[in-house]
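Below is one structure, written out as structure tokens; the observations come after it.
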Amino acid sequence: MNWIIVALIVFISSTLLYLTLRKVRSFNLSDEIQNLSFFLLSAVSLFIYNLFQHFNFRIHLYEILATFLVAVFLWIGNTFLLKSLKTTPNPGLTVLIAKSYLIITTLLSPLLFGSIITVKSVLSIGLILFFLSLILIEKKKIQTSNKTGWLPYACITFVMWGVQALILMSIKGSLLNSSVILMLVSIFYCLIVITEILIKRISFMPVKRYWFWIILISIAAMCSNLFVIIGYRVAPNPGFIDSANAASVAAIAVLAYIFFKDHLTVKKGVGIIGVCVGLILLLV
């Protein structure tokens, strides 16, 4: 499969996922059900994909523990992501902050794993931080008139996604294929959310009314996860696939403005584009 097509699928599926989450914001649909839909189809599709690819399924204890921890931090991050999306003036802003977790991995990986940090990486981080400041810093009158409760939740997601990425980097030398690792993470993630649903005794009744949107979230999340893995195999540079994923933030912000009349000023638009450029430079 051509890597450009794969990158386009990643871009579209990521955009569709967060726009759908924006759509269901006003529905009587629990966060736990939405959370489960993130990885339910991914777990199934990745299991089938790995079987057909005949990848090694010999899993060591440390790999099980590491992937379980990744699932835990992803679950925490996504839980706060959903909370942030409920009150954010534009979903693109929440997703932008969350996906900027690459700053954490870039700065901490040299300390933890002896990775090399380049001048380009430092300049890219500086670019991201500068344009993030354009988005987040507002006049006091504007701050008091707008809800800002979404921002702490987005920042928690930023940290949690960064931690899970660092844990994944710690098992980079594993003999397991990346798709097998993601499959394990997806399975653990689903088990965690199902346990949460059972403990809280959350009803599945609302799902019947909104089944179309739940399926759409599941399919979009599955395509995003699966085609990222496929893209890493077929692209000349894995950063190209990650760049397509990062660039989807701009599409999310603009389309949320068009379809849902969400808040988006020229200043924030410039900030979003600037951060996306910084993320792409950091990845490629």
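Note: Cβ is positioned from N, Cα and C throughout, glycine not excepted.
All TrEMBL annotations are machine predictions without curation.
Summarising the annotation, TrEMBL assigns transmembrane segment to 6-21, 33-52, 64-81, 93-113, 119-137, 149-169, 175-199, 211-234, 240-259.
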Candidates 6-21, 33-52, 93-113, 149-169; stretch with most C-beta pairs under 8 Å toward the transmembrane segment (64-81): 149-169
Interface check, the transmembrane segment (6-21) with the transmembrane segment (211-234), three or more C-beta pairs under 8 A: yes
Whether the transmembrane segment (149-169) meets the transmembrane segment (93-113): three or more C-beta pairs under 8 angstroms: yes
Distal contacts, the transmembrane segment (240-259) - CB-CB under 8 A, six or more residues away: 3, 6-8, 10-12, 14-15, 18-19, 22, 90-93, 95-96, 99, 224, 228, 231-232, 268-269, 272-273, 275-276, 279-280, 283-284
Spatial neighbours of the transmembrane segment (175-199) far in sequence, C-beta under 8 Å, 6+ residues away: 32-33, 35-36, 38-40, 42-43, 46-47, 49-50, 53, 55-59, 63-64, 67-68, 70-72, 74-75, 168, 225, 229, 232
Intrachain neighbours beyond the transmembrane segment (33-52), with Cβ under 8 angstroms and 6 or more residues off its ends: 21, 24, 75, 78-79, 82, 177, 179-180, 182-183, 185-187, 189-190, 193-194, 196-197, 202, 204, 206-207, 214, 217-219, 221-222, 225-226, 229
Positions on the same chain near the transmembrane segment (119-137), where near means CB under 8 A and six or more residues out: 93, 96-97, 100, 103, 106-107, 151, 267-268, 270-275, 277-279, 281-282
Chain residues outside the transmembrane segment (93-113) and at least six past its termini with a C-beta under 8 angstroms from it: 18, 77, 81, 84-85, 121, 124-125, 128-129, 132, 135, 150-151, 153-155, 157-159, 161-163, 165-166, 169-170, 172, 245-246, 249, 252-253, 268, 272, 275-276, 279, 282-283
